[in-house]
Every structure is written in structure tokens, then in C-alpha cells.
Amino acid sequence: LRALCYTTMFVFLSTGPTVSELVVKGEVGQNVTVPCFYSVKSTYDITSMCWGRGSCPSSKCYQPIIWTDGWKVTAQYDSRYTLKGNLLVGDVSLTIMNAKEADSGTYCCRVEIPGWFNDQTSNHEVVIEKARISTASPHTYTSEQTSAPGSASESSFTITRTWPSVSASKAPQAASGPCSGPLDCLDVTANLQNVSVSLPSQQHSQYELYIGIGLSVVLLAILILALFLT
């Protein structure tokens, strides 16, 4: 029976309104808010509380950061740690200004509610990471256009266009040779074909002309010889 009484007392002492551990993530240089609230139905419910580094102990806060009397902040151990919420409605959320990687760790929020073992405690795991930096290197094209001086709508504006870089394997090959484009290459090819076809025909016509002239001379000579003999 005595053992049962001790066990019951241990369970009674170990239980309480402790909130499960929460994880809050942020980036270096940002303001990170760690939430913590308690119920305030009237001014009689407003009570003192504290924030501290490390898990919540059995009482108070280890490595305290901020203390309040329920109405205002009474102790502040680092100016980067502030309470920006309305304390009178139970908003005791902690804001870490200009967060650093060293701010990562466990934080305890303890609301001191009157009575034995009535404190509301909650542990928060804060993770501060370095800001993500984009590795993309896009090309930027900027064109500036200005209207003519003295015009009624004289203005200047800049248009910037950005597109992703193209790998060398996908880049278009530079045109080589006398062709500046596909159509020009087709025209040159057609001209070469025409020249290659027309040259033999012209040479053949010249040969026929020479043969004709030669035959005419031979016939004329035979005709003159025949007249001479007669």
C-alpha cells in the first residue's frame, strides 16, 4: 500500500501542463519567432513567465533570456531577444532578431501559474540555417531606349531580359564558308549545278561549228578545183 502511494505521488508530481517539443526553423539574418501562449480570461490570469536556453527544469529557467511580471518585461539579457506579442492576452512568443547559427538549440518557455506544479512549460527546438544562395548564372541582356531630345514624350527606360545559359554542346554552330544562311547555300549549289551542266553543251556546240566550217572550206575547195579542171 505504501509503494502504491509513492507511485501515485510520483505520477502526480511528474505530470503537468507541459507542451510537447516544437521545432522552429529560420535562416541567418532573419527575425525568427518562437511561439508561446497561455490562456488569459481576465486580468487575474496574467502571470509571470520566463524564457531560457536549454530544456525546462523543474522550476524557473536555466540560462534565462527574458523575465516578465506578466505585464511587462522586467529582465532582458540580450537585446536581440524580445517579446513583440501582447503580454496582456497571453502572447509571450519570443522573437530572435537577426538570427545567427549560434542561436540554434533548445529554448524553454515557462509560464508561472500559481499553485503547486501548475507551471506551463514547453520546449522549442530552434534551427537556424545559412541562407540559400542560387547557383544559377543566367545571362542578362539590357537595352536602353531614349526618345529624341525635345520631344513631348521624352523619356528613358531600360528593358532587361534574362534567359538561362546554354551549354556548348547545344549551342548552334557558326556558319562557315561563303554561305550566310541555308537559302544562300541552296542558291550557290544550284548555280554550280547549272554551270557544270552548261559547260559541256557549249563546248559541243563549238566543236560542231568548227566541223561545219571545215567541211564548208573542203567543199569550196573541191568546187574550185572542179571548175578549174573543166
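Even glycines carry a Cβ here, placed using N, Cα and C.
Copied over from TrEMBL:
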SIGNAL    1-20  signal peptide
DOMAIN    17-129  domain 'Ig-like'
TRANSMEM  209-229  transmembrane segment
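On the 0 to 100 pLDDT scale, the domain 'Ig-like' (17-129) averages 93 in the predicted structure. Counting residues of the domain 'Ig-like' (17-129) by DSSP class, helix then strand then coil, yields 9 helix, 50 strand, 54 coil.
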